[in-house]
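Student: Structure below; questions to follow.
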Amino acid sequence: MQVKQIEGVLNAKDIRFALVVGRFNDFIGQKLVEGAIDCICRHGGSEECIAMYRCPGAFELPMVAKKVALSGKYDAIITLGVIIRGSTPHFDVLAAEATKGIAQVALDTMVPIAFGVLTTENIEQAIERAGTKAGNKGFDAAMTAIEMVNLYRQI
């Protein structure tokens, strides 16, 4: 007996995307945005199918993502932001709350939400993950969003 395997494909044609982007550490965040847009366009989507919502920082991402998801205008949401560890416990709290909040929005709304929030020890790691040594996590998050929309459409 052959098990039927169902998975999403990397085809962004006819998918409406919302980018929800934290402005804090924007010089790195903008590289994530560029990576996400590049991925969508390389996989058959277009800039006309993308809307971008900017919020102050990572803590606000779940709130904006939920409002966007509930609008019903988008097939997928890509959250992008940058959290860099400082000398206080603020990093741990912020990273945990942003992560949990974004996951909760996805579960509550059943809209595919891709997590493209960098949580790094230092600025060098953030730069590496925004398009240099370690690829571009914005690009990776967009790939996840494309695949999830196409998977959802088969369920």
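Placement of Cβ uses the backbone N, Cα and C atoms for every residue, glycine included.
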Student: With Ala58, Phe59, Glu60, Val82, Ile83, Ile84, Phe115 listed by Swiss-Prot as 5-amino-6-(D-ribitylamino)uracil-binding, which of these, Phe17, Phe24, is given for the same site?
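Tutor: Answer per Swiss-Prot: Phe24.
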Student: Rounded to a whole angstrom, what is the C-alpha distance between Arg129 ((2S)-2-hydroxy-3-oxobutyl phosphate binding site) and His90 (active site, proton donor)?
Tutor: 21
Student: Can you give the largest Cα to Cα distance in Å, as a whole number, for the residues Phe24, Ala58, Phe59, Glu60, Val82, Ile83, Ile84, Phe115 that bind 5-amino-6-(D-ribitylamino)uracil in the record?
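Tutor: 16 Å is the greatest Cα spacing among the residues binding 5-amino-6-(D-ribitylamino)uracil.
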Student: Between His90 (active site, proton donor) and Phe115 (5-amino-6-(D-ribitylamino)uracil binding site), how many Å separate their Cα atoms?
Tutor: 20
